[in-house]
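Just below is one structure, and these are the notes that go with it.
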């Protein structure tokens, strides 16, 4: 906010704070008097000597005005409400008081009728008082009643005589005229009326009276002309403030700012932040340097539109609040009616929505507030140049009425492709260095099409010649994107590597929602009129009139929707998350939808990274919980929509929490870390409850049933095409596996389930001696709020098995305990799924999610001796977090050997029968060195289409280390035991500790790599580090990052391998990526998020090219952030432990990040901190804990800290970093990276992580406004 520069001492300099607690009697030791019901500020009465428990601050003095209680402004509240605030505050209480005198005394009416400069502390305090008054009072007016207004709620309608009587009696705190009618603000009653009691009794500290349903300040009352009193001499000596644009804000404009919302013309009286009662002089001087949207000289001569309000930022910049849409904008809406096309503007004026910035560093540039972009070229000159250069055919733009850019009526939206009206066409585009050569618009709302905004000349789309402006994007590589968000589709396109192609299905016939020829709306030059080759013919047709006609003639670019339910159009890529949610748009795993359907209420899991200014969205209270009120940063909140109900935050249910408690939880989330949200969208939501009949059935059953009665199928024929089996052995129901109707079959399977509830549970299985033994289990799961709690793999091609992927910790499947990763899914609610596609299974789970339960039949290989598998599918000591593991390609289901686990060091039973040789390797080390090898532990994910085998293997051998010298250990060797103790089911951390305690020698029982007959599981170079592999041709061949991933499970990172049967699988052409350490992350706590939609708009007015935070969401001409991309089906952000490139431009005070580590400190280099509002945090990709792999193209392996600083400095104003996604936790000095647990002490690679050596070496790359982080060695030059 802008504050006046004062020559004399202002009353705010006398404000003091007292911190007190309740005394042993539970009392505060002072009386409270005054209150709005008496027309007074609340003030201190008798202060009882010796009864006040002071903790700090000054003493309380009788008769002083009470301004705040624990930062909650109380001026304008009744005594009852002030006491309620104090009652709900926990000790200690922080009271801000001021001595009466000058303009502030106990008389509210006197203070409210003073006239102050807009943006001053006094003006803000007046607004706070009015906000608080309207909690308890209703304005009165002499004007006639309007339609839709409720007497006694919107206004008290009285006669002129009654109004004059109230005025004479002193019952009005404010009064005046507006449009020849009298308006007044009566004193609130001491006890609230029943109408207002329920709403305002919930005022708690921190929950300012901004909840929906509170009293609102009326436009007429706010804008009424009052006989305002000039403030006394103390305030007359304040100098008017120049608002950064040369426009002096005069006191006469102070009262014309609040507008209304609702039938009666009212505005939600969101309270202003508590005034800052003291201000350093250096901050006061900053006001003259601010930049803002320049209001017209006569801006106050025209009223703002209804429900709009003018406000000021802390720097004095003008912005506008639209209470209709609950959004903020830098644009003055009054100027919209005066808008004209850019080409008609004079050279010394700018089009509507544009602003000129003169920056001392970057020079002059222009801000387009409509499209939120910046450019160096004058938009008027640009428009005139384009008009002449392109010979635009629609020159009649200048004859259009003067209005805001011509937005057209939004077409009727549909998620059903068959309902689209227009002609369909398909095209295939190959990604080039400039992207796909077109820009898109739309998708900012759930019911908005994504359309081609422009085609870039000479780009792939222009060269193809088929795409045109306005085309609706329907399918991208068989993924229907109708209803997808803009950010999702952008990420999908960005995930395609350069040189790869995508198939697009477009629908032509929908106009853009704006005039594409209007330069004010253009992100790129308008599409040039050019000769195009005739479109490619598909099956002899150029286009098709209807979508059904189109898909009936071609099946190459879109899936067949004729044999699936309509909702299957919303299918996602393979690998399903069967928890009833859509996949998180920015989460790291490629998962398919298994929600309740696009047209039904649905639960979604989103992952949002908190920035320096919060999460970028606001929340509001509602009868069903906290809902998303406004999206302030669309790019920062991908997948989130206004109106979404927040169900969980980081696995904590928040439905029954108050607004304040949810805000506090969001505040506690650290900056730069991922926060997981489960939100509910659509429908009327209440926590899921099982219907009574279902509860009765569950209770009658006693315990969950396990049916293991079906004959096992030999592995040589794992998926017989004619395999048929009913849901229960006694059932005679049959289903056609060729083309089942999921709806009909679901009803049948439900009837089967209900018919068997009287049958006692049975557990039996039969074995077929002709092949490996299997057993089938029936698993009944009830859907929790987070879903069924497991994921699905496979089914990418017909005939591939459908497998259970990761079992989510604390989910429904995990609590049930019977479902294991690697189980083959045979039936879903009695419907056979063997050989079916992934999408088909996901569709079945949609129906199950809607009904709250599912019956699954899974097939599991039987262990030797017929011993059952462990129930939990994980080792006991595993740590469970929700970071994601690296990508894993689906491995072909192949023949596998199997053996039972062993509890001792002897070879597991069954190894000899398969000619697998184990050997003992003894490694000796010296005192000053480590053993020199790295252990990699797999997670609880299926491998080769079955279970995880020996989960621990050698991932790296250090040159010259004891492990290297013994010449008996190779990369890829599986470790069975350490010093005679089996580690198959041991958590990774325990293995490290076991080796640590081994002393100077350790004995490893291993299965050599060559015995596994699995050459693809490890690189042939046995000493090549995983890190270095990324830069070698071999690594490009075998690296998970370089391979397409048709199916990707989402496994909790820290979860070690489950106690699965010991099986040695052969899996040709399968590429695995393994997690290499624990992920026990606990980042720092930082800044709170936004909770008020009236916050100023996000400042996107950075100089062009000055902030490479993210590629423009509307332009695909950006290079992919890293050439090692994932396949198209995986279009979310890089996953944990992925490699990615960050380019940054240096800010005024540096790059805004600090680093830790270096060779001299025996650790790799990591990102230590991100300075608030610095280039690094604005970039959005770098996070705390990321490992720095390269600096300006130079590898950081064995790099010293000083060399890293030198490289950053040598890059000048730009730096290019290759980073490896970390865990959010920075390793302590003397620790090896948390992503690698090394058993060594070599000089090159550091000491074991369990020793603490040396001192930290943290280097800061500061940014403006950030305190330097020690030591002050900054990357600034």
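Keep in mind that glycine also has a Cβ here, set from the backbone N, Cα and C atoms.
As the structure is a computational prediction, the values presented were derived from the model and not from experiment.
The feature domain 'PDZ' is assigned by Swiss-Prot to 17-101, with sequence analysis given as support.
The domain 'Guanylate kinase-like' annotation in Swiss-Prot covers 109-283, and the record cites sequence analysis as its basis.
According to Swiss-Prot, the region 'Disordered' annotation covers 205-308 (among others).
If you look up Swiss-Prot, you'll see 302-335 marked as domain 'WW 1', on the strength of sequence analysis. Helix first, then strand, then coil: DSSP counts for the domain 'WW 1' (302-335) stand at 3 helix, 13 strand, 18 coil.
The annotation region 'Interaction with DDN' is assigned in Swiss-Prot to 302-381.
Per DSSP, the secondary structure of the domain 'WW 2' (348-381) breaks down as 3 helix, 15 strand, 16 coil. Per Swiss-Prot, domain 'WW 2' is recorded for 348-381.
Feature annotation from Swiss-Prot assigns domain 'PDZ 1' to 426-510. Computed over the domain 'PDZ 1' (426-510), the whole-number mean pLDDT of the model equals 86.
The annotation region 'Disordered' is assigned in Swiss-Prot to 556-575 (among others).
Among the features that Swiss-Prot reports, domain 'PDZ 2' is placed at 605-683.
Under the heading domain 'PDZ 3', Swiss-Prot lists 778-860, citing sequence analysis as support.
The region 'Disordered' annotation in Swiss-Prot covers 869-913 (among others).
The annotation compositional bias 'Low complexity' is assigned in Swiss-Prot to 894-908.
Taken from Swiss-Prot, the feature domain 'PDZ 4' covers 920-1010.
The feature region 'Disordered' is assigned by Swiss-Prot to 1011-1130 (among others).
Summarising the annotation, Swiss-Prot assigns compositional bias 'Polar residues' to 1011-1042.
If you look up Swiss-Prot, you'll see 1141-1223 marked as domain 'PDZ 5', on the strength of sequence analysis. In terms of DSSP secondary structure, the domain 'PDZ 5' (1141-1223) contains 18 helix, 35 strand, 30 coil.
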Among the ranges 17-101, 605-683, 778-860, the one whose Cβ pairs under 8 Å to the domain 'PDZ 5' (1141-1223) are most numerous: 605-683
Secondary structure content of the domain 'PDZ 3' (778-860), with strand meaning DSSP E or B: 19 helix, 33 strand, 31 coil
The domain 'PDZ 4' (920-1010), counted residue by residue under DSSP: helix, strand, coil: 16 helix, 32 strand, 43 coil
